[in-house]
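*Asks:* My questions all concern the structure below.
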Amino acid sequence: MFRIGHGFDVHKFGGDGPVTLGGVKIEYEKGLIAHSDGDVVLHALADALLGAAALGDIGRLYPDNDDAYEGIDSRILLRDTVKRIHERGYHVVNVDITILAQAPKIAVHERKMCENISADLQIGIDCVNIKATTTEKLGFVGRKEGIAVEAVALLEK
């Protein structure tokens with residue numbers, strides 16, 4: 001049986017950089033405001049995985065009002081999500097992630113993000129796709145107020 005999940009997350013810029021995306025620290029003048037490390041890529045991905053397995057969402061499993069998750073590395077949350085999926089008898093087939101950001105530039109970091117994610121998901125790097133786009137200076141992303149990410153995951157039981 002195959003299951004598809006979709007995840008979406010947004011974080012607003014604020015404070016000092018760097019920005020962490022896909023487990024990669026990217027130098028930028030601003031950071032992302034969040035209870036955890038603000039890795040919007042991994043948050044959207046975790047939501048896609050949880051949705052595919054009908055396990056809820058990261059807000060319910062790792063609430064932002066729980067001190068245990070303050071400043072936490074989102075790779076820890078992603079690995080815990082994968083553990084929960086495996087416990088339900090699913091494995092990840094592939095994931096596709098779109099980063100919407102006017103800044104910082106993402107392309108040079110995509111390979112390392114894919115390496116991190118494939119390791120955490122326990123799948124081949126050829127099963128992870130990351131792409132970045134701008135919004136042509138439109139909306140909050142275009143005004144460099146934050147970053148949005150969409151993720152799709154395919155699971156198999």
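Just so you know, glycine gets a Cβ as well, placed from its N, Cα and C.
Okay, these came from TrEMBL:
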DOMAIN    2-155  domain '2-C-methyl-D-erythritol 2,4-cyclodiphosphate synthase'
BINDING   Asp9, Val10, His11, His35, Ser36, Asp57, Ile58, Gly59, Thr133, Thr134, Thr135, Glu136, Phe140, Arg143  4-CDP-2-C-methyl-D-erythritol 2-phosphate binding site
BINDING   Asp9, His11, His43  divalent metal cation binding site
SITE      His35  site 'Transition state stabilizer'
SITE      Thr134  site 'Transition state stabilizer'
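A description of the local structural setting of each listed feature is requested, covering burial, neighbours and distances.
*Replies:* DSSP assigns Thr134 (site 'Transition state stabilizer') to coil in the three-state reduction, outside any helix or strand. Within the same chain, the residues at least 6 positions away from Thr134 (site 'Transition state stabilizer') whose Cβ sits under 8 Å from its Cβ are Leu100, Ala101, Gln102, Val141, Gly142, listed in sequence order.
Secondary structure at His11 (4-CDP-2-C-methyl-D-erythritol 2-phosphate binding site), as computed by DSSP, is strand. For His11 (4-CDP-2-C-methyl-D-erythritol 2-phosphate binding site), applying a Cβ distance below 8 Å and a minimum sequence separation of six or more within one chain yields Leu32, Ile33, Ala34, Gly38, Val40, His43, Gly146, Ile147.
Secondary structure at His35 (site 'Transition state stabilizer'), taken from DSSP and collapsed to helix, strand or coil, is coil.
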*Asks:* Using the recorded divalent metal cation site (Asp9, His11, His43) as reference, state which further residues of the same chain have their Cβ within 8 Å of the centre of those residues' Cβ atoms, listed in sequence order.
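*Replies:* Along the chain, the qualifying residues are Val10, Leu32, Ala34, Gly38, Asp39, Val40, Val41, Leu42, Ala44, Ile147, Val149.
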*Asks:* Which is it, of Ser36, Thr133, Thr135: the one of these binding-site residues whose Cβ has the most other Cβ atoms within 10 Å?
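*Replies:* Its Cβ has the most other Cβ atoms within 10 Å: Ser36.
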*Asks:* For a quick check of understanding: among the recorded positions His35, His43, which residue's Cβ has the most other Cβ atoms within 10 Å?
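*Replies:* That would be His43, with the most Cβ atoms nearby.
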*Asks:* For Ile58 (4-CDP-2-C-methyl-D-erythritol 2-phosphate binding site), which residues of its chain lie six or more apart in sequence with Cβ-Cβ distance below 8 Å?
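*Replies:* His43, Ala46, Asp47, Leu50, Leu77, Thr81 - these are the non-local Cβ neighbours of Ile58 (4-CDP-2-C-methyl-D-erythritol 2-phosphate binding site), listed in sequence order.
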*Asks:* For the 4-CDP-2-C-methyl-D-erythritol 2-phosphate site made of Asp9, Val10, His11, His35, Ser36, Asp57, Ile58, Gly59, Thr133, Thr134, Thr135, Glu136, Phe140, Arg143, how many Å separate the two farthest Cα atoms?
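*Replies:* Spelled out: the longest distance between any two Cα atoms in Asp9, Val10, His11, His35, Ser36, Asp57, Ile58, Gly59, Thr133, Thr134, Thr135, Glu136, Phe140, Arg143 is 30 Å.
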